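Everything below concerns the one structure shown next.
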Amino acid sequence: TNLVEPSNADFPSGDPRMYQLDVTLRRGQNLAARDRGGTSDPYVKFKLGGKEVFRSKTIHKNLNPVWEEKACILIDNPREPLYIKVFDYDFGLQDDFIGSAFLDLTSLELNRQTDVTLSLKDSHYPDHDLGSILLSVLLTPREEQREVVISNILIRVITLVIVLWSGNLWHRVYSPSSCVLMTLFCVSSNQNHETFQTQSLRLSDLHRKSQLWRGIVSITLIEGRELKAMDANGLSDPYVKFRLGHQKYKSKIMPKTLNPQWREQFDFHLYEERGGIIDITVWDKDAGKRDDFIGRCQVDLSNLSKEHTHKLEMPLEEGEGCLVLLVTLTASAAVTISDLSLNSLEDQKEREEILKRYSLMAMFHNMKDVGFLQVKVIRAEALMAADVTGKDSFSKSDPFCVVELNNDRLLTHTVYKNLNPEWNKVFTFNIKDIHSVLEVTVYDEDRDRSADFLGKVAIPLLSIQNGEQKAYVLKNKQLTGPTKGVIYLEIDVIFNAVKASIRTLMPKEQKYIEEENRLSKQLLVRNFIRTKRCIMVLINAAYYISSCFDWDSPPRSLAAFLLFLFVVWNFELYMIPLALLLLLAWNYFLIISGKDNRQHDTVVEDMLEDEEEEDDRDDKDSEKKGFMNRLYAIQEVCVSVQNILDEVASFGERIKNTFNWTVPFLSCLAIVALFVFTIILYFIPLRYIVLVWGINKFTKKLRNPYAIDNNELLDFLSRVPSDVQLMQYHELKQDPSHSPSKRKKTNPG
């Protein structure tokens, strides 16, 4: 319900103008309680055209929250209402719906600040009083848009005049009627241009190269001091949540401490020139019930100078203690979107600058900038039809493409009502880790609900062949099998091998947005089988050694006995990395000689298909809160067991895949490291090596008090793909006879 006067503003249906809606979310009044304690943790979403354009912060345990948050929204169709939805935040569970309302923009008077009160409603409970939301809104026309329209009309008039003049036709068509026709032609063509431009508002101006964000905010969470005790034992299990706009990060949990040491580093993108505000909340982890709120604080980036590291000690509001952070604002990475005619690598001067930036001469300059990635998203063919319209059930889709590299996420424009869209866009990224995976996902845009998934491909950067246009068969959400359609990409990767090698031994960047782990019977069985297979390798090796002791095969036992005497009598510590080095060399010899012993893991593939079918069933029931939510504690324990099995199995598979030359770059790096270790252990006594190692460990915190702890060997293994990841990254072959369709387990073969 809008408590505003009817407007005298006129919005013609063919109006090409853009409007700007400035909304101030003031407060809520008498909101419905959704938690057991008779309260709620409300937050608000604004949606326009089925897309979320704003999300407020969460106000905890309050039915009369005060937000005072501002949002600036561009409007291309003022006849489309702004939907306001209010939810109750539930950690670990599906958020509860409180109510919704809509704001009729045509009821607003232009250039006038208006206070609006919206009563919340729920279609399932139309008679319930769910509270209200208070807003202040200001709708203004974008005057610069009008100037662009006029300038475009003038350009088209001049262009047409030149064409007519060059054809020596001016004297034949110069009449009042011809002038009217010329004007109509220009206005009509300009409206078509504006319509196409509106479809591409998610990008920058067409036919221009655009910078997507203005800087990088590098944050290091050091420690917490004297936090509030939330558990009965006088301690807490604290973790921290960060939010900058829509970007989020969650730290690891530090059990049973009031002075946690995190030492975690991550980056946010900075989209506003004046900075922004980072919301920080501290929580106590509680198994089986809602996590306890410890405190909050905010970092105003507009008060921090750029290109300088700031040490901040932030006292917690609504709680006790403080957090210690390191915050650095740096210039933007080269992440851009442009048309095919403006890609960087085809400009010879720009290409030479990029090659120079990542040459061996610049190996020690800006160690975080490992390489350059350019992705050309050209077109897709034979996509799945997601929309059924018309009397004859005419099926189409409105596809757009999302390109992701770690936490960098860019979008193309939407091509409406087309199963064979052409985007012809060029995306460029800075590479921080050469072992990252490029993910390209195609969605169908829906104005009334969230976008529908059409297909996805995952491409490891080290598997890319530069400058080759390839057709990639789209896969399902789990990347375990094909779905309908192919996408044509052309990708180029330029990187510094020395920087990439050093970066391999550093902690891997974590994604801000990851799906919550949930209990899955098939996933639990799969991880158990994978762990069992790794353990069986050790058991089989023990049986093999035992058979040598039992002389089941005299020649084999004799050879093993002689080898045992030789190794024990002549053993030196350097022989350990030397043996691993010989194993890598032997497997490489088998591969190049055509005797590859690496087998396609059909067992993992079948288990992944079973998991996909279970996910499909879970998606249908995701809106029903049933047994799993009521037994949250049991679920959390089972998920933990499931994840531990996955980590153990992945660890064994990564070691195997290192020696199997699954990723040649990493295997070559292992050879170099093992060779160096062999030489060091051969020439330097062990006591000196242990002495240097101990001195380094004891003085590390003295030399760098805020150093982030890491294990180089584990960081190296984290870049090696497990068997499941190999299955997901495996490139499917396109079937020339027909478009690929989703393969079910019941299909023959």
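Cβ coordinates come from backbone N, Cα and C, glycine included.
Feature annotation from TrEMBL assigns domain 'C2' to 1-118 (among others). Look at the domain 'C2' (1-118): DSSP puts its residues at 3 helix, 53 strand, 62 coil.
Summarising the annotation, TrEMBL assigns domain 'C2' to 197-314 (among others).
DSSP assignment over the domain 'C2' (348-474) gives 16 helix, 62 strand, 49 coil. Sequence annotations record features per position, and here TrEMBL assigns domain 'C2' to 348-474 (among others).
According to TrEMBL, the feature transmembrane segment maps to 558-589 (among others).
Remote same-chain partners of the transmembrane segment (663-684), defined as residues 6 or more beyond its termini with a Cβ less than 8 Å from a stretch Cβ, comprise 434-435, 460, 462, 500-501, 504, 572-574, 576-578, 580-581, 584-585, 588, 657, 716, 719-721. Marked as transmembrane segment by TrEMBL: 663-684 (among others).
Packing against the transmembrane segment (558-589) from elsewhere in the chain are residues 545, 548, 597, 658-661, 667, 670-671, 674-675, 677-682, 686: each is 6 or more residues past its ends and has a CB under 8 Å from a CB in it.
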